[in-house]
Amino acid sequence: MPSTAKENFRMSGMLTVPLTLGLGLAALVTSFLSGLFGMAGGMVLMGLLLVLLPVSSAMLLHGITQMTANGWRAWLWRRHVQWGIVAQFLLGGAVAVTVFTLIRYVPGKAVSLIVLGLSPFMAMAVPSHWSPNVSRRGHSALAGLLCMGVQLIAGISGPLLDVFFVKSSLSRQSVVATKATMQVFGHLFKTVYFGSLVAASEAEALDITVTLVCIGMAVLGTNLSRRVLDAMSDAQFRTWSQRLVALTGTVYLGQGLFLLVVG
């Protein structure tokens, strides 16, 4: 690896201690939310990182943090993972990553925030009689293709992925476990994709200290969420998931439109 690329993965010194601690706290809170709802926390964290960091660096740090949180969550609920569904998802995701790798596309901040903000509303707009079912053959592969494409533009795809689970008969534990496993691979693809872009860039760098802090906080937040998830009912789980992502989506859509207008 060229020296410039190596320096991009060393401690950049660009982030102050308060900002590092703030990002660590954000990773803790958002990992707790993800542990409860399987998606909302990642959406909140992505929006914060896009405001604070360049797009590729934000995508890379988010990918590492969420890969850790989802990986730990998948391990905690490993008995509930539906591996057949995950395998199909990977096939579709691999196709999307291949296309993006060929064109080397990096979205602007405004585009990322707008797509991020729109994602839960696009998911909610799907008529119930058109809603796919992740348990059906081929539907999970379609989820991988669509969700991975959205993830490489907006950084997250949880709200869209949730559409594929609405008509499934899976328990909330199986939903969280299977989605977490899917997201581990989704964020792994994203980390590799944007990691290669950051490594080749002289303008962006990944701060090692903040990365390690976020990883630790992601594990802690996931652990704290488990008892609360056990105490929730399936109805509460689905209701609060929809409310939280709708509110978050509205905020980020507004931010993205503002950036688009002011240039």
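Glycine is no exception: its Cβ is also placed from the backbone N, Cα and C atoms.
Residues 44-45, 48-49, 52, 65-66, 69-70, 73, 176, 205-207, 209-210, 213-226, 228-229, 232, 237, 240-241, 244-245 of the same chain lie 6+ residues outside the transmembrane segment (12-37) yet bring a C-beta within less than 8 angstroms of a C-beta in it. The transmembrane segment feature in TrEMBL is assigned to 12-37 (among others).
Under the heading transmembrane segment, TrEMBL lists 43-64 (among others).
Residues or ranges marked as transmembrane segment in TrEMBL: 85-105 (among others). Long-range neighbours of the transmembrane segment (85-105) within the same chain, counting only residues 6 or more positions beyond its ends whose Cβ lies under 8 Å from a Cβ of the stretch, are 134-135, 137-149, 152-153, 178, 181-182, 185-186, 189, 193, 197.
Only residues 6 or more beyond the boundaries of the transmembrane segment (111-130), in the same chain, are considered here, and those with a CB under 8 A from a CB of the stretch are 43, 46-47, 50, 55, 150, 153-160, 162-163, 166, 242, 245-246, 248-257, 259-260. Here TrEMBL flags 111-130 (among others) as transmembrane segment.
The transmembrane segment annotation in TrEMBL covers 142-161 (among others). Same-chain residues lying 6 or more positions outside the transmembrane segment (142-161) and placing a CB less than 8 Å from one of its CB atoms are 38-40, 42-43, 46, 49-50, 58-59, 62, 66, 88-97, 99-100, 105, 107, 111-113, 115-116, 119-120, 122-123, 132, 134, 179, 182-183, 186-187, 189-190, 193, 245, 249.
The transmembrane segment feature in TrEMBL is assigned to 205-224 (among others).
As annotated by TrEMBL, transmembrane segment applies to 244-262 (among others). Beyond the ends of the transmembrane segment (244-262), by six or more residues, the same chain brings 33, 37, 39-40, 43-44, 47, 51, 109-121, 124, 158-159, 162 to within a C-beta distance below 8 angstroms of the stretch.
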Other parts of the chain folded back onto the transmembrane segment (43-64), taken as Cβ under 8 Å at six or more residues beyond its ends: 19, 23, 26-27, 29-30, 33, 106-109, 112-113, 116, 119-120, 152, 154-156, 158-159, 187-188, 190-191, 194-195, 197-198, 201, 203-206, 210-211, 214-215, 245, 248-249, 251-252, 255
